[in-house]
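For reference, the structure discussed in these notes is given below.
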Amino acid sequence: MASYSRAQQIWVIYLTLLIALVLMLVPIPDVVSLARPEWVIMTLIYWAMALPQRVSIGTAWVTGLIMDIATGGQLGVHAFAYALAIYIIGRLHLQLRQYPLLQQAFIILSLVFLVHVVSVMNAPFANPWHIWMPAVSSTLMWPFIYALLRKIRRGLQVS
C-alpha cells in the first residue's frame, strides 16, 4: 500500500465532508426529504471519533458555516449545532469507540436530535417530524456510514 503525506490524508477527510454536503443538498422528492439522513453530522462524528486530533470543534464550526451558506439558512445555526455535537464527541470519543455499533447508533440518534433541536430553535412552529425523522434515518444509516468511512480510512491509511 502506498504511504500518503499528512496533507494528502487531510484531503480525504475534507473530500468525505464535501460528499456529505452534496448529499444533503441534492434535491429529492418531498415525500422522502423529511427522512433524509444527516450525512454531514454523521461524517463529522465519524472523523471526530476516529481522529479527534484532525477533526475538532473548529472543523465542525467551519463545516456548519458552509452548510448555512449552502442552504441559505441563518448564519451560524448549523455551525453552533455541529460544534456542540463535536464537542460532546470530543469529550467522549475514547468511550464511544469502544461501544458496539448499535450503541453508537443510539448516540447518533441523540446527537442528530440535538442538532435539529438547536437548528429549529428560531422556527416558530417546528414540526416534530422534522426533528425525529432525520434522527431515526441517521440512526439506521450509521452502521453503513461507519463501515464505509472506516474502510476508506484504513484503505488510504488516514491517521
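Just so it is clear, glycine is given a Cβ too, placed from its N, Cα and C backbone atoms.
TrEMBL entries are annotated by machine, without manual review.
Among the features that TrEMBL reports, transmembrane segment is placed at 12-32, 44-63, 75-94, 106-125, 131-149.
Highlighted: of the candidate stretches 12-32, 106-125, 131-149, 106-125 has the greatest count of Cβ pairs under 8 Å to the transmembrane segment (75-94). Comparing 12-32, 44-63, 106-125 for CB pairs under 8 angstroms to the transmembrane segment (131-149), the maximum falls on 106-125.
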